[in-house]
Amino acid sequence: MSFKNLNYVHLSKYFYIFSIALTLAGIICLSVFGLNYSVDFRAGSNVDITLSKGITAEQVQPILDKLKIADEASISPGEERMNIRFTQVLNEDQEMKLKGEISKLDEKASFEVNTVDPEMAKELARNAIYAVLISCLGIIVYVSIRFEWRFAVAAIISLLHDAFMVVAVFSIFRLEVDLTFIIAVLTIIGYSINDTIVIFDRIRENLRFSKLKNRQDLIELVNRSVSQTIMRSIYTALTVFVAAFFLFLLGGESIRMFSLAMVIGLLFGAYSSIFIASPLWFVLKSKQKNKPAKAS
Amino acid sequence: MKRIFAFVTVVVVISGIMAWSTPGLLKSVHLGLDLKGGFEILYEASPMEGGEKVSRQSLLKTAQSLEDRANKLGTSEPEVTTEGTNRIRLKLAGVTDEAEVRKLMKEPASLTFRSKDGTEKSENEYNKIEMVGTDFVENAAKLELGSMNEPIVAIKVKDKKKFAEITERLLGKPLAIYMNDKMISDPIVQNVLSDGTATITVGGDRKKAEELRDVINLGALPLKLTEKYTQSVGATLGKQSLDKTIEAGLIASAFILLFMVGMYRVPGLIAAFTLIVHTWLLILVFVWADFTLTLPGIAALILGVGMAVDANIITNERIHEEMKNGKSVMSAVKAGDKHSFRTVMDSQLTTVIVAAVMYWFGTGAVKGFALVLIVEIVLSIATNIYLSRFLLNLLLKAGKLLKPKYFGVKESEIREL
């Protein structure tokens with residue numbers, strides 16, 4: 001197969017450009033527009049209603065006006081579901097009245113009400129970021145012992161890359177970020193490190209049986225290692241991707257954004273292991289080789 | 001023959017146990033609120049009056065009384081946890097009248113001392129309220145030792161006269177102590193107490209004495225609970241999304257298993273078997289350790305299964321590689337196992353380290369995710385590395401499978417040495 005004999009190190013230039021461009025776009029988008037936070041991260045109430053018959057926004061609006069909770073509330077009607085988002089936290093009384101009024105329109109309506117103090121969600125997010133950063137230290141220690149520090153650095157850059165890419169994509173496409181998003185990013189990080197280590201393991205194995213005289217030897221070694229593991233990378237990415245994709249297509253509404261984040265993250269995870277992590281290790285390693293003679 | 005017999009026995013016995021136990025196990029998995037629907041409230045407790053600090057004791061006591069109340073409402077398995085110095089998290093499932101529950105839960109602890117007034121229907125009932133919680137001096141109930149070295153509870157009231165009048169009237173009769181509507185103790189009044197203090201004996205039971213002390217202190221200074229965060233998930237919605245998610249999971253699993261068998265033939269079949277064993281063991285651990293399955297848990301499960309599949313793919317790809325380099329089936333499997341073992345271990349251990357750190361430093365959902373992931377990887381190493389190798393080697397040593405095609409390798413792909 002053709003991709004078995006690709007010059008990954010050579011190609012990585014383009015992928016670096018792609019990743020850096022996307023990172024920059026992500027940073028710009030994040031700093032200008034931020035993320036489209038769900039009600040988890042904003043004070044306010046979110047009411048999801050499962051309906052047995054169609055109810056239009058026009059029918060609901062008067063109820064909100066009557067209860068004096070219409071202030072910037074947005075209503076998104078659907079076939080079987082209706083979502084009403086309030087910019088204020090409904091008190092118990094308002095919540096009960098709202099449910100009562102809507103039940104008058106549809107007796108079988110079932111409600112999912114989230115009333116969130118954003119402080120809790122922010123606390124969890126902050127905590128998750130700390131946990132990820134500290135676990136990077138764990139990776140540095142373990143990988144430095146089992147491999148060498150260059151692998152650790154490359155692995156961490158690639159896993160942070162994956163996590164950030166998902167955040168960037170969510171920011172660029174204005175996809176909604178809720179609490180499950182944090183869990184999805186953690187999952188992606190787990191996958192990314194697992195995926196990267198397998199390729200690194202092959203580089204380590206090949207290193208032991210090779211004499212590296214110059215830069216060209218090193219390039220060949222990285223290319224050989226990646227191509228020896230490329231089938232595994234593809235199969236694994238494919239199976240995990242398909243599993244996540246089924247979850248996205250068929251899973252419940254409440255985990256749709258979660259599965260989407262997983263699908264995007266898994267693709268980036270597979271991509272970065274091959275095109276970012278391994279070439280990055282090469283860059284670090286080639287600096288060490290006492291400036292080997294320029295390859296022909 | 002012996003080895004074939006062993007192989008068949010292992011597979012049949014494990015399959016039998018799985019088939020027999022799975023329905024029961026599935027029923028006993030605890031589902032989190034996000035999956036089965038229910039109601040979660042985070043309370044912040046503050047003293048009813050004044051700026052006194054919330055003591056650990058009264059917080060625990062309040063949490064306990066919330067649990068008692070939830071139990072009384074007939075909700076299934078209320079989960080009450082205290083967080084930090086002044087927060088209580090309450091999780092309830094199967095709530096039908098949410099408004100009622102929220103109202104009941106918020107009511108402060110009510111401590112009453114009661115006597116009989118003739119309307120009681122049974123021996124252990126006391127209907128006439130003589131004193132209420134605020135009649136007692138805040139935080140004055142203390143554990144002391146009586147003359148026989150038995151634990152007693154000393155209390156102090158605010159109104160000496162009232163207390164003297166009550167004790168005089170009830171001399172020789174019981175004065176029962178109630179928390180909300182639950183009787184804690186019904187000591188007999190021994191003396192007329194005019195100095196505003198009293199001691200209560202509880203029959204030498206230290207635990208009971210401690211409980212009484214905490215109850216009285218809480219009653220004297222009840223905590224006010226404010227809802228900091230509430231989340232309610234309609235049971236039908238929870239059920240709907242769970243069913244859909246399980247359906248999606250089953251379809252994805254079927255695809256993965258078919259893929260493994262299609263790609264790797266006999267070892268693929270073994271991998272499919274060990275993947276099923278792996279998932280079954282995970283459910284077993286969930287039930288035994290009384291874990292609650294939540295969405296983060298499912299996320300970890302997906303990642304874990306993905307990594308388990310990866311372990312199988314790595315091993316089998318390596319075996320393919322060795323075969324294509326011209327090794328015999330036997331030595332290809334041996335070399336493939338040996339080389340891939342280190343790869344798989346390193347990749348899984350790195351992930352365990354990440355998960356362990358997340359568990360250590362994370363909170364809530366992050367912790368749950370990390371814990372499930374760690375358990376899964378350990379199980380995965382047992383099944384997808386050790387069990388599958390054991391089974392494959394049984395078949396090989398029995399002299400079966402000695403052709404590369406059983407591994408999904410075509411003769412034409414094998415390079416001549």
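Cβ atoms are placed via backbone N, Cα and C, with glycine included.
TrEMBL lists B:62-117 with the feature domain 'Protein translocase subunit SecDF P1'. Taken from TrEMBL, the feature domain 'SecDF P1 head subdomain' covers B:129-222. Taken from TrEMBL, the feature domain 'Protein export membrane protein SecD/SecF C-terminal' covers B:228-395. The transmembrane segment annotation in TrEMBL covers B:269-289, B:295-314, B:344-362, B:368-387.
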Winner by Cβ pairs under 8 Å against the transmembrane segment (B:269-289), considering only B:295-314, B:344-362, B:368-387
B:368-387
Within the domain 'SecDF P1 head subdomain' (B:129-222), what mean pLDDT does the predicted structure show?
81
Per-state residue totals over the domain 'SecDF P1 head subdomain' (B:129-222) - DSSP helix, strand, coil
28 helix, 31 strand, 35 coil
